Amino acid sequence: MTSTVTTTVGCGGLPVRPLSTATRGRPRRCAVRAQAAGADASNDKSVEVMRKFSEQYARRSNTFFCADKTVTAVVIKGLADHRDTLGAPLCPCRHYDDKAAEVAQGFWNCPCVPMRERKECHCMLFLTPDNDFAGKDQVISFEEIKEATSKF
């Protein structure tokens, strides 16, 4: 007698066996992250927190935002997104094999170690006055960030 086990598509398009045939009798679970109705408000709050942090840190470190405010806006939005999803403002301008491990290590959490030690910001968020791309501003409005990032 032959038995056939049918599969269904699970998380990430991977096949999974039906619950009745799962190994060791435990059902397989898949966490699906969905945006709730209040997700935009939550993200707006994080963007505002990161905006205020960026302005304060720029003043404290005597650095300036990029002359192209779109760069500043995108980086602040990326920091806010990482703060929401990872619990820390991990530098959004780098590739990580394991973001959770990077957050735990803290090296690339904003302000990152190179910024704190040598005033070197890979993201071009905090630029020294002698940098060719440095603007004259240490402030950016929430509206500027929303407008610049609404296209993405």
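We count from 1, first residue shown onward.
Each Cβ is built from the backbone N, Cα and C atoms, and glycine gets one as well.
According to Swiss-Prot, the features are:
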type	residues	note
BINDING	C91, C110, C112, C121	[4Fe-4S] cluster binding site
ACT_SITE	C93	active site, nucleophile
DISULFID	C93-C123	disulfide bond
SITE	H122	site 'Increases the nucleophilicity of the active site Cys'
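Locations of recorded Swiss-Prot features on the structure.
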residue: C91; record: [4Fe-4S] cluster binding site; CB count, 10 Å: 23
residue: C93; record: active site, nucleophile; CB count, 10 Å: 17
residue: C110; record: [4Fe-4S] cluster binding site; CB count, 10 Å: 25
residue: C112; record: [4Fe-4S] cluster binding site; CB count, 10 Å: 21
residue: C121; record: [4Fe-4S] cluster binding site; CB count, 10 Å: 23
residue: H122; record: site 'Increases the nucleophilicity of the active site Cys'; CB count, 10 Å: 13
residue: C123; record: disulfide bond; CB count, 10 Å: 21
Worksheet item: Which are the residues of the chain, C91, C110, C112, C121 excluded, whose CB is within 8 A of where the CB atoms of the [4Fe-4S] cluster site average out, their centroid?
Response: C93, W108, N109, P111, P114, M115, H122, C123, L125, F126
Worksheet item: Rounded to the nearest angstrom, how far is the Cα of H122 (site 'Increases the nucleophilicity of the active site Cys') from the Cα of C91 ([4Fe-4S] cluster binding site)?
Response: 9
Item to complete: Going by Cα-Cα distance, pick out whichever of the recorded positions C93, C110, C112 is nearest to C123 (disulfide bond).
Response: C93
Worksheet item: Among the recorded positions C93, C110, C112, whose Cα is within 10 A of the Cα of H122 (site 'Increases the nucleophilicity of the active site Cys')?
Response: C93, C112
Worksheet entry | Between the residue listed as 'active site, nucleophile' and C112 ([4Fe-4S] cluster binding site): CA-CA distance (Å) | 12
Fill in: Inter-residue C-alpha distance, C110 ([4Fe-4S] cluster binding site) and the residue listed as 'active site, nucleophile' (nearest angstrom)
11
